[in-house]
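The structure appears right after this line, and notes come after that.
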């Protein structure tokens, strides 16, 4: 069964002015689609073709060595972007159990955002910043390239794309501005669903 590029759950221009239509078109239709195409080419005709992407990434050490790097990069790229589209929304409301637990752990939502932003804006090169559930607790982590916290047994519930292709058309080298804009379009309802399922 071939992996498929998911449809966006909103229009390309729905996240404006925070993420522009042109960026969304390139990011989804070109970058994400390339990961899917390369992943399918890697796993075609193997047992991995019938495995879930989450299982494949969580058990990367069991992927045959000849395919491991491609699955790590392209499978990771497909998984990460698929989740990223889901946790974005033009209708962002800061509520839910995850918000309460963030406040309980960090003191305030702003303190959490500050720590998350600091990790995102100081990450060298390309990668992702994540809010994960690790042994029932919330934790902010970063990964390089298309790596994923699933490989370390952590469950991702929120993620921020730090690759330049995610923001350069609009923000150029101003990664902190892109980070600030991100909070206006977080789908906290989806984040909370993922959190409740992971606890």
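Quick reminder: no glycine exception, Cβ is built from N, Cα and C everywhere.
Here's what Swiss-Prot has on this protein:
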BINDING   27, 81, 161, 165  Mn(2+) binding site
BINDING   27, 81, 161, 165  Fe(3+) binding site
Protein Cβ atoms within 10 Å of residue 165 (Mn(2+) binding site), excluding its own: 14
Shell list (Fe(3+); ref centroid = CB of 27, 81, 161, 165; cutoff 8 A): 28, 31, 32, 84, 163, 166
Conformational class of residue 161 (Mn(2+) binding site) under the three-state DSSP mapping: strand
